[in-house]
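S.K.: Here it is: the structure, laid out below.
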Amino acid sequence: MKLFDAHCHLQDPRIFDKAPQLIAAAVDSGVVRFAVNGVSEKDWHLVKQISESYPCVIPCFGLHPWYVVERTPNWLNTLKQFFEATPSAAVGEIGLDKGSQGKKVDFTDQVNVFRQQLEIAKELKRPASIHCVRAFGDLLQIMKSLGPFPAGVILHSYLGSAEMVPEFANLGAYFSFSGFLMSMKVHKAKRMLKMVPSERILLETDAPDALPKSELDSAHLVEGASLPEELQSIEISSAPFAGARDVSTFPKEALNHPENIHKVL
């Protein structure tokens with residue numbers, strides 16, 4: 001079966017030096033494309049570099065809401081230059097975040113940066129990969145004001161409500177699911193999934209994050225990332241991560257491998 005990892009971060013400093021091996025292993029398992037998303041000005045050149053080395057990588061350039069405060073005065077021009085130089089690139093990772101991490105960044109700033117990037121996606125007819133945490137009402141309002149989006153927008157790691165699915169879909173949204181889906185209550189996840197048209201379902205790993213909730217002996221971990229000392233004496237098959245509610249309860253060194261897209265499926 002051929003699969004497309006619709007959202008990952010192979011340029012992440014925790015795994016960048018292992019990217020060749022990770023890509024090779026995932027390709028051997030049936031993954032034919034990877035949409036690799038940048039998050040700030042500091043890593044856009046790495047995303048471009050990976051895409052030039054591996055034709056299976058779709059580069060995506062964007063300013064993630066967590067890194068809005070780090071932007072330089074020239075960030076928007078730099079971003080546009082990357083798109084001019086890379087016709088195959090999509091926009092991402094961009095978005096809105098009112099979660100614990102996002103609260104540290106002024107929301108008005110987040111909105112302004114997000115709108116500018118969504119306008120670029122619309123103008124250039126490029127897809128956009130969107131991060132949204134506890135801000136789906138704000139996101140829908142902005143998308144309605146700028147949409148629809150014929151080139152598509154990807155709601156990455158979608159954990160929103162079932163009720164909002166039709167409105168987002170009408171604007172051109174696709175719904176991408178990662179290992180975080182396994183942390184939802186089963187009845188809520190099933191109800192939401194049933195609302196998503198099958199042709200608008202995408203799969204992703206969000207690697208190296210979003211390690212799927214499963215026994216560690218059945219998950220693909222990034223080699224070279226060892227378990228913390230306090231967990232090394234535990235039998236891996238009975239490790240307590242199977243009931244994890246979110247990625248913060250996994251061992252910090254347990255990094256998600258792109259091969260785990262099969263577990264998401």
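Cβ coordinates come from backbone N, Cα and C, glycine included.
Here the structure is a predicted model, which means the values were calculated and not measured.
Heads up, here are the entries from TrEMBL:
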type: BINDING; residues: HIS7, HIS9, GLU93, ASP206; note: divalent metal cation 1 binding site
type: BINDING; residues: HIS131, HIS156; note: divalent metal cation 2 binding site
S.K.: Taking the Cα atoms as reference points, how far is HIS9 (divalent metal cation 1 binding site) from HIS131 (divalent metal cation 2 binding site) in Å?
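M.R.: Pair distance, Cα basis, whole Å: 13 Å.
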S.K.: Could you measure between HIS7 (divalent metal cation 1 binding site) and HIS131 (divalent metal cation 2 binding site) for me? Cα positions, answer in whole angstrom.
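M.R.: Cα-Cα distance, HIS7 (divalent metal cation 1 binding site) to HIS131 (divalent metal cation 2 binding site): 10 Å.
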S.K.: What other residues of the same chain, not counting HIS7, HIS9, GLU93, ASP206, have a CB atom within 8 A of the CB centroid of the divalent metal cation 1 site?
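M.R.: Checked against the 8 Å cutoff, the neighbours are CYS8, ALA35, VAL36, ASN37, GLY92, SER129, HIS131, HIS156, SER157, GLU204, ALA207, ASP209.
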S.K.: Quick check for the class: what is the C-alpha distance, in angstrom and rounded, between GLU93 (divalent metal cation 1 binding site) and HIS131 (divalent metal cation 2 binding site)?
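M.R.: A Cα-Cα distance of 7 Å.
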S.K.: Once the chains shown are all counted, how many other Cβ atoms turn up within 10 Å of the Cβ of GLU93 (divalent metal cation 1 binding site)?
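M.R.: GLU93 (divalent metal cation 1 binding site): 29 neighbouring Cβ atoms within 10 Å.
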S.K.: How far is it from ASP206 (divalent metal cation 1 binding site) to HIS156 (divalent metal cation 2 binding site), counting Cα to Cα, in Å?
M.R.: 9
